[in-house]
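These come from Swiss-Prot:
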- 2-29: domain '4Fe-4S ferredoxin-type 1' (DOMAIN)
- 9, 15, 19: [4Fe-4S] cluster 1 binding site (BINDING)
- 37-66: domain '4Fe-4S ferredoxin-type 2' (DOMAIN)
- 46, 49, 52, 56: [4Fe-4S] cluster 2 binding site (BINDING)
- 115-555: region 'Ferredoxin--NADP reductase' (REGION)
- 123, 143, 151, 187, 453, 460, 461, 462: FAD binding site (BINDING)
- 213, 258, 259, 260, 261, 302, 303, 314, 460: NADP(+) binding site (BINDING)
């Protein structure tokens, strides 16, 4: 009865260190960890202890006897990561454990290490967690929205509630007595980098990649065009996108790009609104989706099936919940790739693609069509989008799709931060292992650090940020221990005074807990995990009704 890792795996790696027989791979010290689509349990080596189940922050692990029907393909996926062995073979238990990355040890100085973290998504919260393992370290997290947790709150599809459970880990971090939230505070607007550094030994930026990579073709930008990430933010009640004018009065939507976000959008646009009503989806978005006329979403990729950007777990999940089809031409492309590709993961994707329904078969369900070798040329329409024209990649042929909504899903892009260097081409802050590097001098900027997507680019999954943040924290601690970080010039109590003077509507940890509790209470009456606020004013009103946070002295 081995345990199985399923679709919602976040690559956090906590399960690896909980396993007493080192049967979960790749481990964080192995080369494939940073790029692996998920982690895998060796069914032959697993001793059925279940330690990994409680360690997983997103509930992605279950016994093979307790899997839902849609999770059964993950039995083979886990097993196929390992060499083929006789079915009755059982490896003897081993005492070898995955090597744990030791926490950086902070040396005692006159002033305890105090770090400002800008951003509150996974990279930020993993960094805070790592810092707070050391006695005496203080962490202040600054976030421009009144609510924390970045893309976990506003970028994960609402029907992926298991994955959103990682916020329970972040909540525990935020409850630490040496942790403070300064929410609804924008660095670069309310406070500068230098002002943060005057109150902290170090400033760690974990702001993600908030912009979209843009597709520069004629017609993008007219009504009826947008980006998949904007649509996901709209669906998730992000206050900046809560009332996006999304027109779903036409029968077809085209999504350009075929990564996981593209699949999320396609799945949500074709989902039964009654099912979405049991999630934390935005009320406004749910109303619009309830009146949708969309019958088909075309997910168009420039390259062939073997180069599909989506992950295998997401493809399997999509097939289990949605009507996914291929036309005859794309099916031939799948067959051609399968004959030439040797990589086992890619071959598994191609196997799943080859099993999809033929698009010529009639269906009463809304459907998702995966299309390949289509290079976008222009959006059709004058006053608003009426379709999109593609060239068939590598040929002189053109292909058109009528569509009332055209979305691009070609990736995220980091954004310049005032007072810090920025690599425009890579869209990251130049750094060496997390230390921000001034390109003009070729040396690190004292006290400035980065983690997450703004450090390495928009790659990996939620848990990938954990190892990335640990590396940066080790750099912070090493520099502090070496005496390279200047003690704050301001007294600790002055920080809160300065923040509230600049932004009277600052939301602290107590205010966030009040917002969180109110959303959960509103949702519980409707059988939902929460009903999110969409207006900042409503969030601030709830937070203002919370008792003030009693500040603790640094010690």
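Note: Cβ is positioned from N, Cα and C throughout, glycine not excepted.
Reported as a whole number, the C-alpha separation between residue 259 (NADP(+) binding site) and residue 123 (FAD binding site) equals 21 Å.
Within the same chain, residues 1-26, 75, 77-79, 81-82, 85, 89-91, 93-94, 162-166, 168-169, 311-313, 345, 462 sit at least 6 positions outside the domain '4Fe-4S ferredoxin-type 2' (37-66) and bring their C-beta atoms closer than 8 Å to a C-beta of that stretch. Model confidence over the domain '4Fe-4S ferredoxin-type 1' (2-29) stands at 93, taken as the mean pLDDT rounded to a whole number. In this structure the C-alpha atoms belonging to residue 261 (NADP(+) binding site) and residue 461 (FAD binding site) are separated by 12 Å. With the fewest other Cβ atoms inside 10 Å of its Cβ, the least crowded of the binding-site residues 19, 46, 49, 123, 187 in this structure is 49. The record gives 46, 49, 52, 56 for [4Fe-4S] cluster 2. Within 8 Å of the mean position of their Cβ atoms, the other Cβ atoms in that chain belong to 3, 15, 18, 19, 23, 24, 41, 50, 51, 53, 55, 61.
Taking only the Cα positions, the spacing between residue 123 (FAD binding site) and residue 303 (NADP(+) binding site) is 31 angstrom. Look at the binding-site residues 9, 151, 261 and count other Cβ atoms within 10 Å of each Cβ; 151 has the fewest. The [4Fe-4S] cluster 1 site, placed at the center of the C-beta atoms of 9, 15, 19, has further neighbours from the same chain whose C-beta lies within 8 angstroms: 5, 13, 14, 16, 18, 24, 39, 41, 52, 55, 56, 60, 61.
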